[in-house]
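Working notes, structure below.
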Amino acid sequence: MEENKNPEEQGLSSYWKKRKDKKEEENKKAKSWLREWVDAIVFAFIAAAILRAFLFGSYKIPTPSMEKTLMTGDLLIVSNVTYGPRTPMGLCVPFLQGWCVPGVQLPWTRLPGFRDVERNDIFVFNVPWEVKPVSQKTNYIKRAVAIPGDTISIQDKILYINGEKSVQHEGVQRHYVVRMAERVRLSNAKMESVGGELIGYTNNNTYVVNMTDDVAATVGSWAEVDTMFLNVTPEGSVDRNYVQSQGDFSRAFSNSDQLPEIVIPFEGQEIQINNDNWFIYKDIIERYEKNELRREGGTIFINGEETNSYTIKQNYYFAMGDNRDNSQDSRFWGFVPSDHVIGKASIVWFSTDNWVPRFERIFTMID
């Protein structure tokens, strides 16, 4: 038979029981608090991933290819809803470009947007020439200078759309040759003071300068400037760096300052294929629209059948950087397929120059 506990023992037992109950209560509260925080973080992560995939994302300008319109270090808001967001193309970790499950490609579609890409939109897309699943390709940002059905040509660095000179945006830069008067030197400090950049010196007081048309007008008015003109590679002169660039498109031409008239491919367009335009359309037929393409002499085979025509399956765009002579773009690797389009650049929400904020660029609209 169990002996009765004396009052002192009963008091100690009660004390330890209360202490144990209190500790258990504190543990429950701690677990509840931790779980609430974990739930909140998971919810925020999922919500942010959905917003990024379907509404808007952030993009940092890594190179000067769009200067002076967009500057290296600009942080942009990119609207996915303008052109319609793409549903996920693979199993990827949100916010980490390229962190995807290898070999998994999901059926996808583009949800309705407000409009299609318009001529001169600044847009973000997956660069076409990389050999990866579309959504895992590097993001590029350029200006859509021509849209499906447009006829484009470049003559002595001047861009023509549908037979007329293209609208020249104030931020577009090109290389000029500036020849100074005898015994007069041109300094980089002087060029920077008016918004230009001294690229190099040739001979006979002759310089190569990167600048906008407005800056060129200012420089051309200086008394010490003898002559000034665009630095153009003549038609027929072969630029080997251009011809050997990424993709097959550039192999059809001699240099990026001269392009003959080309119709930007559009869905339903029937094109004639021959040896003269083989490299213009090769990537479209083979890489972007997934056909087996080969030629034997002058005979062309698509999916094993001899043919000299092909019907385009989607729309394409011609993209160029505003820093025209410092941009790898459609002049080099060809057209941007519509399934590679991500969104429209809308706002510069922050900007830094070597970690120093550019306050004057914060919350500026992108044109």
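Every residue, even glycine, has its Cβ placed from backbone N, Cα and C.
What TrEMBL lists as region 'Disordered' is 1-22.
Residues or ranges marked as domain 'Peptidase S26' in TrEMBL: 34-167 (among others).
Taken from TrEMBL, the feature transmembrane segment applies to 37-59.
For the recorded site, Ser65 (active site), the DSSP three-state label reads coil. Spatially close to Ser65 (active site) yet at least six residues away along the chain are Lys142, Gly321, Asp322, Asn323, Asn326, Ser327, Gln328, Asp329, judged by Cβ distances under 8 angstroms. The active site annotation in TrEMBL covers Ser65 (among others).
Cβ neighbours within 10 Å of Lys142 (active site), excluding its own Cβ and spanning all shown chains: 25. According to TrEMBL, the feature active site maps to Lys142 (among others).
The DSSP breakdown of the domain 'Peptidase S26' (263-350) into helical (H, G, I), extended (E, B) and coil residues amounts to 21 helix, 35 strand, 32 coil. TrEMBL lists 263-350 (among others) with the feature domain 'Peptidase S26'.
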